[in-house]
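According to TrEMBL, the features are:
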- 1-23: signal peptide (SIGNAL)
- 40-150: domain 'DUF4440' (DOMAIN)
Amino acid sequence: MKNCKSIAVLAVLVLAAIAAVMAYQCNAKPDKEKADAIVSQLNAAWDEAFVQASAGTISTYYDANGSLLPAGGEQVTGTKAIADFWSGLFAKGLTDHHIETVETGIVGNTIYQRAKWSAVLKGVDGAEPQNFGGNLHLLYKKQDDGSWKILTHTWN
């Protein structure tokens with residue numbers, strides 16, 4: 001009988017410890033420094049591929065199920081569709097992309113980034129280049145190999 005009570009008390013303590021760990025993980029604040037470092041590297045690679053007008057490289061930065069949600073446009077999902085989307089913009093002369101991070105955070109296997117973006121549309125036939133910019137929101141998913149890829153990319 002004494003053994004049963006000891007086992008019951010031990011079981012309750014183990015369950016309480018598990019509940020405490022789960023509650024902590026659910027309420028843990030995002031690791032800002034880690035997220036900032038990862039996002040900084042991802043943004044640098046993105047902007048470099050954009051300067052090179054490499055839609056193929058950019059498409060590799062997306063998860064296999066990644067989607068673009070462009071302002072006023074249709075959702076674009078999948079690596080080939082994403083490469084085609086960026087190829088179309090590069091063909092129109094979009095260049096000089098830059099991301100300025102406003103906020104990042106990491107929770108589990110997801111990183112979020114809120115940022116400002118800017119780009120330039122080259123002038124055609126002597127026309128002045130046009131500057132564009134707006135808000136950007138990215139969700140990155142940690143891959144099985146430890147890398148981070150874009151799951152959702154939306155901007156205005």
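Each residue's number is its place along the chain shown, starting with 1.
Any Cβ shown, glycine's included, is placed from N, Cα and C.
Model confidence over the domain 'DUF4440' (40-150) stands at 93, taken as the mean pLDDT rounded to a whole number. Mapped onto DSSP helix, strand and coil, the domain 'DUF4440' (40-150) counts 30 helix, 53 strand, 28 coil.
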